[in-house]
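Enquirer: I am attaching a structure below and will ask some questions about it afterwards.
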């Protein structure tokens with residue numbers, strides 16, 4: 001279900017300034033065939049105050065995006081309240097409970113994973129989250145680079161996704177990054 005991509009979210013503070021970034025590769029795979037190498041799976045929401053990215057079924061992911069964006073607008077960009085309401089609304093709709101997609105949403109203060117089952121997970125360290133087939137590779141690389149290297153945030157996201165792209169056959173190194 002989550003083959004064909006890697007999405008990495010990273011937030012924190014450097015030099016007294018908060019940052020938030022999301023990056024993703026561009027590969028779309030259908031079975032054992034790459035059908036697109038430069039897809040965009042990340043976007044900014046709510047007047048460029050929230051970043052998001054998806055992994056999984058494209059149609060299901062757009063359903064997730066639409067639903068989350070509507071809730072985010074109604075909560076005037078409050079990410080924490082939006083993810084709570086997202087989960088509540090999700091549990092009420094039997095159709096939504098079967099979506100085969102996941103999302104990462106983040107701003108300067110929070111980072112969450114939203115699942116196609118209606119689960120909302122805050123990143124363990126409230127700093128780094130990854131989803132998709134190469135997510136564990138990207139997460140491991142990002143944690144190591146965050147802990148031991150003093151890289152600029154954009155470089156950390158880029159290098160972590162490159163490592164995932166080198167290891168995961170469903171992830172390429174055609175990387176796109178958005179930042180707040």
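Here, residue 1 is simply the first one shown, and the rest follow in order.
Every residue gets a Cβ built from N, Cα and C, even glycine.
As annotated by Swiss-Prot, active site applies to 5, with the evidence given as sequence analysis. Annotation comment: Swiss-Prot describes 165, 168, 171 as Na(+) binding site, evidence class sequence analysis.
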Enquirer: Measuring CA to CA, name the entry from the binding-site residues 165, 168, 171 that ends up nearest the residue listed as 'active site'.
Expert: 171
Enquirer: Inside 10 Å of the Cβ of residue 5 (active site), count up the other Cβ atoms and send me the figure.
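Expert: Taking all protein chains shown, residue 5 (active site) has 30 Cβ neighbours within 10 Å.
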Enquirer: For the Na(+) site (165, 168, 171), what does the 8 A shell look like? I mean other same-chain residues with CB within 8 A of the CB centroid.
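Expert: Counting only non-site residues, the set is 6, 25, 27, 133, 134, 137, 138, 161, 164, 166, 167, 169, 170, 172, 173.
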Enquirer: Near residue 165 (Na(+) binding site), how many other Cβ atoms are within 10 Å of its Cβ?
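Expert: So the number of other Cβ atoms within 10 Å of residue 165 (Na(+) binding site) is 22.
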Enquirer: Look at each of the binding-site residues, 168, 171, and point out the one with the fewest other Cβ atoms around it within 10 Å.
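Expert: Relative to the other binding-site residues in 168, 171, 168 has the fewest Cβ atoms within 10 Å.
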Enquirer: Reduce the DSSP letter at residue 171 (Na(+) binding site) to three states and note it down.
Expert: coil
